[in-house]
Amino acid sequence: MQSIPIKNVGESRLVDPFQRQYYYLRLSITDQCNFRCTYCLPDGYQPEANKPSFLTLKEIIHLAQAFAEMGTEKIRLTGGEPTLRKDFISIAESIANIDGIRQLAVTTNGYRMAKDVADWKQAGITSINVSVDSLDPKMFHQITGINKFDDVMRGIDRAFEVGYNKVKVNSVLMKNLNDKEFEQFLAWVKHRPIQMRFIELMQTGEMDSFFDRYHLSGQILADKLLKNGWTLQHKSHTDGPAKVFTHPDYAGEIGLIMPYEKNFCASCNRLRVSAKGKLHLCLFGEEGIELRDLLQSHEQQAILQARIFAALQGKREHHYLHIGDTGVRNHLASIGG
């Protein structure tokens, strides 16, 4: 069994061969989604017959405890759409109460926010990311396949009402679809404490033609921001991959996630676990390392942690998107994007 380094205060025991420390776990709790986004699940969620069920609450707790003991400080609940789980609140409460977990985030399509966000806050969710790919209701419907724009907007407003100081909003940048709305998004965050994050469209196995048609480099937006007085901010050790820009005249912020940028992987600090219990070292990587067999009792914790650490020693220095290698993933919904 490979030895795991002793953790000092403020350090993670999860260290890869390139000395990157991992403080952040993206945990998918379901593959199911009720939206049909063109860049993710254009045909809607298709359940796979005779496949394992999603991780149980008990298994999720064992997993989160193991990662927390190894230095993970932030867990993000993803999907699919994580709030479709009937035990979503129980999952959030359980993780929020684990020693060492300082941040518990959720990425959601926002369709339940207006009704449920107060319960999320009470359960211990500290931050929310909402997907809003257009501020035009018709374009929103075209991209998501669902006519829920007004519901999502009400949910964002409700999040501020119940006490969230900031909401992060994700938009997948697509040429000739929503790229013309950049100025509209800027106006939207002028007086709202929203971090508006534009995510470059990423190539996946079954979406090659879509990528070729709609991909647009985020560097175009970065250049525009810098030209107009926006300033790039320093990242903390638990932050995600976004480059965040601020402006003294704006209450909100702009984030850019540009996976094709040089050195994108140099600051990687996050691992992923799928809804069925596989560890993924990279969004564009391998088939995954099975963890579920070691999530059945607390007595398995040391073996579980050793398996996680050993797997991490096989992490690549960077992805290979720049040469068209998208890994084995046909789409990103199965491991939370």
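Including glycine, each Cβ sits where the backbone N, Cα and C put it.
Given the structure is predicted, the values throughout are model-derived calculations rather than measurements.
Swiss-Prot annotations:
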- 17-243: domain 'Radical SAM core' (DOMAIN)
- ARG26, ARG76, THR107, LYS168, ARG270, LEU271, ARG272: GTP binding site (BINDING)
- CYS33, CYS37, CYS40: [4Fe-4S] cluster 1 binding site (BINDING)
- TYR39, GLY80, SER131, MET202: S-adenosyl-L-methionine binding site (BINDING)
- CYS265, CYS268, CYS282: [4Fe-4S] cluster 2 binding site (BINDING)
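Taking the features listed in Swiss-Prot, we show where each one sits on the structure.
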{"residue": "CYS37", "record": "[4Fe-4S] cluster 1 binding site", "Cβ contacts under 8 Å, 6 or more apart": "SER131, ASP133, ILE143, THR144, GLY145, VAL172"}
{"residue": "LYS168", "record": "GTP binding site", "Cβ contacts under 8 Å, 6 or more apart": "SER127, ILE128, ASN129, VAL130, ILE194, GLN195, ARG197, GLY255"}
{"residue": "ARG270", "record": "GTP binding site", "Cβ contacts under 8 Å, 6 or more apart": "TYR22, TYR23, TYR24, LEU25, ARG26, GLY240"}
{"residue": "LEU271", "record": "GTP binding site", "Cβ contacts under 8 Å, 6 or more apart": "LEU14, TYR22, TYR24, LEU25, ARG26, LEU279, HIS280, LEU281, ILE308, LEU312"}
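On a Cα basis, CYS265 ([4Fe-4S] cluster 2 binding site) lies 19 Å away from ARG76 (GTP binding site). A straight line from the CA of TYR39 (S-adenosyl-L-methionine binding site) to the CA of THR107 (GTP binding site) spans 16 Å. Rounded to the nearest whole angstrom, the C-alpha distance between ARG272 (GTP binding site) and GLY80 (S-adenosyl-L-methionine binding site) is 14. TYR39 (S-adenosyl-L-methionine binding site): 22 other CB atoms within 10 A of its CB, across all protein chains. Residues belonging to the domain 'Radical SAM core' (17-243) score a mean pLDDT of 94 in the model.
A 10 Å radius around the C-alpha of CYS33 ([4Fe-4S] cluster 1 binding site) takes in these binding-site residues out of GLY80, CYS265, CYS268, CYS282, in sequence order: GLY80. Between the C-alpha atoms of MET202 (S-adenosyl-L-methionine binding site) and THR107 (GTP binding site), the distance comes to 18 Å. Taking all protein chains in view, 22 other C-beta atoms sit within 10 angstroms of the C-beta of CYS268 ([4Fe-4S] cluster 2 binding site).
Spacing of CYS268 ([4Fe-4S] cluster 2 binding site) relative to THR107 (GTP binding site) is 19 Å (Cα to Cα, whole number).
Per Cα geometry, GLY80 is the residue among the binding-site residues CYS40, GLY80, CYS265, CYS282 nearest to THR107 (GTP binding site).
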